[in-house]
Protein chains: 2
Amino acid sequence: MPPRKPRSDAARNREAALTAAETLFAREEDAARVTMDAVAAAAGVGKGTLFRAFTDRDGLILALVDRRSDALRARVEGDEPPLGRAAPPRERVVALLDALVTFKLDNRRLVLALEQGGAASPFRSPAYGWWHGALTDAWRELGDPDDAPFLAHLMLAAVRADLIEHLTTAEGRPPAEIRDRLTRYARSLMP
Amino acid sequence: MPPRKPRSDAARNREAALTAAETLFAREEDAARVTMDAVAAAAGVGKGTLFRAFTDRDGLILALVDRRSDALRARVEGDEPPLGRAAPPRERVVALLDALVTFKLDNRRLVLALEQGGAASPFRSPAYGWWHGALTDAWRELGDPDDAPFLAHLMLAAVRADLIEHLTTAEGRPPAEIRDRLTRYARSLMP
DNA sequence: CTAGAATGCGGACCGCCGGTCCGCTTCAAT
DNA sequence: ATTGAAGCGGACCGGCGGTCCGCATTCTAG
């Protein structure tokens, strides 16, 4: 009983919804104001269809973010330096953090919508666990292995979407500065 | 035109609401499930009264947190070491971070409710600005003054309520361990 | 003490939103 | 062409934050 392939209209509608949602989230400053009704309308699709395809609001947002981060995830899971497992750990930690913050800078609105999404805390999400794992691995080769998971949490806390948003928008810091300071921050934590 | 003093019944109701809300937030795991109707009912007060006294949901939660943090704020604004301005900066940074995390550990549910509160990002709140200022001052005496505000943001990110909640509840780390690791973290960032 | 005005009270009510339901349509395997 | 399953869509539901306004309570001036 492998899941049978989706019907053609279902696939088409799913795509339409994703595209519409992408535009709406990009346009609207406050993610909470992008309603499911609005997405359905913009996609030219019924509301029921939307929920059938993505289960709930969080599911939709997650699908959007997933699509954007596929390429990045592949690079981290591969071997190639500087992000892959073959990279020397000092460089890898810095590269991971930089890739993460760059991704969030490029997808501010979307990630923001995800992180302040509904009930489930971001920490239980597969994405968080996955990043946490990658960072922990890298840190473990650098210092006290007991400390690695904790440090990984701290790195992820440093690039929380709403913090990044605040630094760029409210404080007007240019992305380059943020990336630079974070890099030096990571280095200063290394033994 | 100084604001005239509040009527006696108003004061009484305000107090009743705060007490009721405190209990409800303490009891309920998920802050979002504490409704304004529930608070009003538990306080034996009309809904309109609640909103008159606190403006909106965020206002109520903020009032709760404020009341709890008064004592702490006084210690930070005073001169006495280790939290006051007279303390040597190395110790002050550590003390501030430790006081903050201790406060959040002691008031998990409440602070959690506050930080994931409505629209306004936590960063614009007076409380965040105030802590950020105190930490920035301390850091400025330690290293590159240009870097101090950024470091202050990082410290605050490290003690975000939902992260603390995750570390204690999901990962089961004892408070003492968290405080200890954070202290060493702060020290390792100092020049 | 009284009387009038100011302030506050409370719960019915509103608008909005996420999510469900179900009769009807479309697809695709035969 | 047939047919049953998969999908569609929009009316509908429940619950929430927030408002409104006729009535009650408190304060103050005389």
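Glycine too: its Cβ is placed from the backbone N, Cα and C atoms.
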>> Among the residue ranges A:35-54, A:95-114, I'd like the one that TrEMBL describes as DNA-binding region.
In response: A:35-54
> What are the DSSP helix, strand and coil residue counts for the DNA-binding region (A:35-54)?
Replying inline: 16 helix, 0 strand, 4 coil
>> Return the average pLDDT for the domain 'HTH tetR-type' (A:11-72) as a whole number.
In response: 96
